[in-house]
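TrEMBL lists 58 with the feature active site, proton acceptor. The annotation Mg(2+) binding site is assigned in TrEMBL to 10, 56, 64. Under the heading ATP binding site, TrEMBL lists 54, 67, 426.
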Ligand SMILES: Nc1ncnc2c1ncn2[C@@H]1O[C@H](COP(=O)(O)OP(=O)(O)OP(=O)(O)O)[C@@H](O)[C@H]1O
Ligand SMILES: [Mg+2]
């Protein structure tokens with residue numbers, strides 16, 4: 001069994017300008033300010049940066065950072081944290097320029113999944129698969145796992161009255177931000193129909209050998225442990241499916257209904273319809289965890305955080321089962337947020353319908369240090385970390401070392417040292433002045449920089 005996989009995480013951010021009296025800029029205007037320095041050095045609002053990751057502004061107003069290809073979860077956590085840092089730097093520069101233009105107020109940056117206008121934006125996971133795996137079977141087998149996974153790794157949401165059950169229902173707290181926006185199970189469209197898995201076949205690699213699985217159902221997570229569980233458990237699921245490990249026949253005929261039911265039921269016990277019978281989110285996850293334990297016992301752990309993933313998986317299920325989240329409320333997003341809101345609710349005697357709670361929910365996702373509520377908990381040591389903060393700081397400029405991202409970063413560094421314009425995507429790189437010398441990187445595990453050296457030492461600076 002090949003033990004290595006590529007992971008990547010794409011995060012779309014929400015931005016908002018706030019001014020107590022003056023005119024507030026629209027999110028589109030804010031995004032344009034944010035990307036001005038990017039356009040100045042990269043000549044585009046779609047660039048690859050020095051750590052090998054992609055930074056861009058699509059149509060609309062949600063800046064996106066896509067981590068470089070990572071071959072371990074630790075690399076992924078670091079590369080992802082670097083994205084938040086880059087966005088903070090862009091915010092600081094944008095505010096300076098705005099103030100220079102006479103526009104007062106502050107820019108808020110949110111790592112969440114819905115704005116006040118009711119539109120949703122994503123947190124997309126990417127997993128490398130071998131082409132030979134039966135893709136259709138794999139995605140079908142993954143859907144019930146992904147539908148129930150939100151009880152592990154949802155980011156938590158204050159739900160206003162009238163949302164669930166649809167058109168009615170009291171205000172309450174739910175596991176997931178994204179669940180109510182999901183419109184399909186497995187489909188090739190991302191924006192129009194918002195599926196759980198997007199099947200558009202863009203492997204960003206040798207298409208005869210690889211596929212890229214694009215999971216777009218996840219919430220934007222904040223805590224490193226929640227990311228660890230999200231990627232660690234999903235990777236274990238993929239390994240089990242790829243190796244034909246028996247997972248039982250858990251086909252889910254109505255995933256969009258099931259995902260809503262599971263999200264709005266904090267007990268984890270609401271029955272979700274399967275093709276044969278029904279199972280709750282808790283039962284489904286207990287089943288997958290039992291299978292994963294047996295799988296790891298048979299095949300051994302394939303990386304050094306497998307035991308931690310399995311333990312955390314069990315701890316979260318135990319918390320849901322016992323309705324006691326005190327064991328996970330420093331590690332799992334929905335539980336961290338729930339504790340904060342419950343404390344506030346108790347102190348002020350508030351009902352879930354209070355607008356104060358919806359504001360705190362939003363403030364939880366504010367990325368500003370010293371202001372965003374999750375950031376403050378982190379700074380006060382009330383949230384546990386997985387990686388050394390120094391590793392996250394290094395990842396701002398350094399690529400993950402085990403993938404072609406290292407080659408891309410070497411190319412970008414040398415091009416920028418010489419102030420040469422370049423064009424890069426996930427699999428190719430070239431200098432605009434030397435359009436015939438395209439470097440192709442079809443194998444995401446290839447870390448050889450020979451072609452980059454040949455280009456710069458042989459073509460750009462021949463001896
Ligand atoms: N071969 C691969 N297998 C798995 N993940 C990959 C592979 N190549 C790149 N990735 C990761 O996939 C993500 C691609 O991000 P990007 O935003 O470009 O996604 P996209 O789906 O191609 O495009 P868009 O968001 O514009 O629709 C990155 O996080 C990257 O690290
Ligand atoms: Mg993207």
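Glycine residues also receive a Cβ, built from the backbone N, Cα and C atoms like all the rest.
Other than 54, 67, 426, the residues of this chain whose Cβ falls within 8 Å of the Cβ centroid of the ATP site are, in sequence order, 8, 10, 48, 52, 53, 66, 68, 69, 405.
Listed in sequence order, the residues 11, 12, 54, 55, 58, 63, 65, 66 complete the 8 Å Cβ shell around the Mg(2+) site centroid, once 10, 56, 64 themselves are left out.
Look at residue 64 (Mg(2+) binding site): DSSP puts it in a strand. Ranking the recorded positions 10, 58, 64 by other CB atoms within 10 A of the CB puts 58 at the bottom. Cβ neighbours within 10 Å of residue 54 (ATP binding site), excluding its own Cβ and spanning all shown chains: 20.
Close contacts with ligand 1, defined as a Cβ under 6 Å from any of its atoms, occur at 67, 426 among the binding-site residues 56, 67, 426.
For residue 67 (ATP binding site), the same-chain residues lying six or more positions away in sequence with a CB closer than 8 A to its CB are 7, 8, 9, 10, 53, 76, 79, 80, 82, 83.
Look at residue 58 (active site, proton acceptor): DSSP puts it in coil.
The binding-site residues 56, 426 differ in how many other CB atoms lie within 10 Å of their CB, and the one with the most is 426. Only 10, of the recorded positions 10, 54, 56, 58, 67, 426, place a Cβ under 6 Å from an atom of ligand 2. Residues 54, 67, 426 are recorded as binding ATP; their most distant pair of Cα atoms lies 11 Å apart. Rounded to a whole number, the C-alpha distance linking residue 64 (Mg(2+) binding site) with residue 54 (ATP binding site) is 8 angstrom.
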